[in-house]
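Structure first, commentary second.
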Amino acid sequence: MAAADGLQFPEFADAASLLAANPDATTISIEEPADGTKSQRGRQQEPGREEDDELLGTDDSDKTELLAGQKKSAPFWTFEYYQTFFDVDTYQVLDRIKGSVFPVPGRNFVRLYIRSNPDLYGPFWICTTLVFAIAVSGNLSNFFIHLGKPTYHYVPEFRKVSIAATTIFAYAWLVPLALWGFLMWRNSKVMNIVSYSFLEIVCVYGYSLFVYIPTAILWIIPQKVVRWVLVMFSLCLSGSVLVMTFWPAVRDDNRRIALATVGAIILLHALLSVGCLAYFFDAPEVDFSAPIVPAHNGTTLIKAQ
């Protein structure tokens, strides 16, 4: 017993003696202040803060961005650096496509779908599919318009593939590059502007073009009214994704600059859709000349229409 008493710590012995002398004494746990602080902090949170956290990001999203940056720390001249941009599964791509086709008001497309893992797989294949959809549908539309005319001979226009590829990929890369540079410049002027990376902007523009793939196929219908209704419908869907994504990034800027930026985004998007419809599908009618048939007597006759 003497050995056991020698192993006792004097602090615990003093505490036990104090509790024995005063049984009604109140004990305090060191975990109580932390819990109380958390509860008070939760009660004092503003009601509209959740929406701001969704648009401007939270600590969890910052940690996710930091981890994503650590994963992509390979040198840019290595294959592993570019492999990370295509590290996405089918379910993520389908979920992002669904989010671009059915935009939800008040939900930021980058924060909701892109920021955790931005990719180039979806935008690349969407742009490639759109190029062939526009080129093939444009050729078929031209064929159906002139079908039944005896003087018409169908010749595939392969140059439409190169023109469509140049137009679509230039829009999907140069416009995001210009917008990213503009947002970086404005971010240096106004500190509280939401910033997007260049890869995130490319993702938004790439996925926003998906709705034009079925639209380009339906443009084969040789009715101008139907075509213009389809282009306006597609423009409203894809344009709303761009507006709801980039308006939070410029709304704290000067009012005129913010409205001009959003207006330029919508204008360029409208020029792309209307330009593709006008060039590839609403081409002017070609006046085919009548074939010249030589006569047996040496004279030349022109075959009547």
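Note: Cβ is positioned from N, Cα and C throughout, glycine not excepted.
As annotated by TrEMBL, region 'Disordered' applies to 24-62.
Taken from TrEMBL, the feature compositional bias 'Acidic residues' applies to 49-59.
The domain 'Yip1' annotation in TrEMBL covers 101-273.
The annotation transmembrane segment is assigned in TrEMBL to 120-141 (among others).
Per TrEMBL, transmembrane segment is recorded for 161-185 (among others).
Under the heading transmembrane segment, TrEMBL lists 197-222 (among others).
Listed by sequence, the residues of this chain that lie at least six past the ends of the transmembrane segment (228-250) yet keep a Cβ under 8 A from its Cβ atoms are 55-56, 99-101, 103, 105-110, 179, 183, 186, 193-196, 204-205, 207-209, 211-212, 215, 218-219, 257-258, 261-262, 265-266, 269-270, 273-274, 277. Taken from TrEMBL, the feature transmembrane segment covers 228-250 (among others).
According to TrEMBL, the transmembrane segment annotation covers 257-281 (among others).
Across the domain 'Yip1' (101-273), the prediction's mean pLDDT works out to 90.
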